[in-house]
Amino acid sequence: MHPGVLAAFLFLSWTRCWSLPVPNDDDDDDDMSEEDFQLAERYLKSYYYPLNPAGILKKTAANSVVDRLREMQSFFGLEVTGKLDDNTLDIMKKPRCGVPDVGEYNVFPRTLKWPKMNLTYRIVNYTPDLTHSEVEKAFKKAFKVWSDVTPLNFTRLYNGTADIMISFGTKEHGDFYPFDGPSGLLAHAFPPGPNYGGDAHFDDDETWTSSSKGYNLFLVAAHEFGHSLGLDHSKDPGALMFPIYTYTGKSHFVLPDDDVQGIQYLYGPGDEDPNPKHPKTPDKCDPSLSLDAITSLRGETMVFKDRFFWRLHPQLVDAELFLTKSFWPELPNRIDAAYEHPSKDLIFIFRGRKFWALNGYDILEGYPQKISELGFPKDVKKISAAVHFEDTGKTLFFSGNQVWRYDDTNRMMDKDYPRLIEEDFPGIGDKVDAVYEKNGYIYFFNGPIQFEYSIWSNRIVRVMPTNSLLWC
């Protein structure tokens, strides 16, 4: 279709009345502003069965506001209520890819994949945020993420029309899907096909970097090129193709297993994968599941595993899974131990010889600190688990086969510590992966087993599988 004819369609209007229901006086979200509701309406219109450039819905199913909100909550693993709550709004406010999660995103007919393995790309223009060399390096590295696991080859063109045309632009930039200024929508790409098919556009109102500051161009480009090759968004929060941007750290990037499965379904495997071990997202109901750390946080329970955590809330019917860095970008990908200090409204996170103090989702100034500040000798290299007792002001730390007890009032370790875990808590084994306390019971986790230990009787009263904590 000629672009001029396509532009004429933009004058068509979508006359259906479409708005979020305003909560009544009994709802918990009375404090949400009109701006919040407007943001939510824009979000759902953009990412859940969006209009095509003609102003017409591509699909008729799930086009009511409540249906779209339910679909969005289901996509992100939130409690499906059809109501705009704080958790849903938090997701909507995170920076993300501009490609819809449900519904097509294209101007011209798309195809499932490219019919060839040798593809070309061209960098049409550059962002002023990085040198030309840095931009070229980021894009080359992003394409390599996909060529490493498939037979695909990518060749750069310096003029003419390539299969994948890459450009930076702002607001209205010629494809009828405008950018929105800083943050929010970061970039978008079109699926394989003619004309715009395969093209990737980056919002130049963002600050593009090669680090954790601003938005990392390599990570965003690798995601967008996944769309250019035919992949849709993934519901897996650990996948590169998850729609929300998360800086994953400075270490060598390895494509997650979910993305490998998706791209190899389209193009098949490559001859030799330089990274044969691709990270998988943990399954909460895996009978062999072990945990890294557990802590409460303002009435919720946070359960850490690898680079993820599950969030448990008494009012939810299922555990919600998130990347740790999507909430705390400055923390390490993996943590060793965690505990809450309710009277200070703080949680403490441990990794190796360092620990962080957090107020909600904000890291306190002056952190991380060394665990030696708490009184640990130099031969203690990590804390494997920790639990705080608000009534006594004591905190138990587990490291190797030993347990330490810290006095919060005197800010020092208690005398006669450390002790052997087996002596203080007989029956739970000689190591602790994670621990928490509730209603007079301590719950010790050791591999796939958890022990319910009575503080009053000093004995194990129940043995359960670890995954029962996650309602499995």
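Glycine is treated like the rest: Cβ placed from N, Cα and C.
Cross-referencing 95-102, 375-382, 423-430 with Swiss-Prot places the feature motif 'Cysteine switch' at 95-102. Summary of the site annotation: Swiss-Prot records Ca(2+) 2 binding at Asn195, Gly197, Asp199. Screening the candidates Asp163, Asp180, Asp232 against this entry identifies Asp163 as the one listed for that site.
Cross-referencing His201, His223 against the Zn(2+) 1 binding annotation in Swiss-Prot, which names His173, Asp175, His188, picks out His201. In Swiss-Prot, the entry for N-linked glycosylation site among Asn125, Asn159 corresponds to Asn159. Among Asp236, Asp257, Asp336, Asp345, the residue that Swiss-Prot places alongside Asp292, Ser384, Asp433 at the Ca(2+) 4 binding site is Asp336. Contacts of Asp203 (Ca(2+) 3 binding site) defined by a Cβ separation under 8 A and a same-chain sequence distance of 6+ are given as Phe168, Gly169, Thr170, Phe179, Asp180, Gly181, Leu185, Leu186, Ala187, in order along the sequence.
Using the Cβ center of Asp163, Asn195, Gly197, Asp199 for Ca(2+) 2, the list of other same-chain residues with Cβ within 8 Å runs, in sequence order, Ile164, Met165, Phe190, Pro192, Gly193, Pro194, Tyr196, Gly198. When the region 'Interaction with TIMP2' (177-247) is classified with DSSP, helix, strand and coil residues number 12 helix, 13 strand, 46 coil. Here the candidates are the binding-site residues Ser183, Glu206, His233, Ala386. The one whose C-alpha lies nearest to that of Gly197 (Ca(2+) 2 binding site) is His233. Summarised as a single figure, the pLDDT of the region 'Interaction with TIMP2' (177-247) averages 94.
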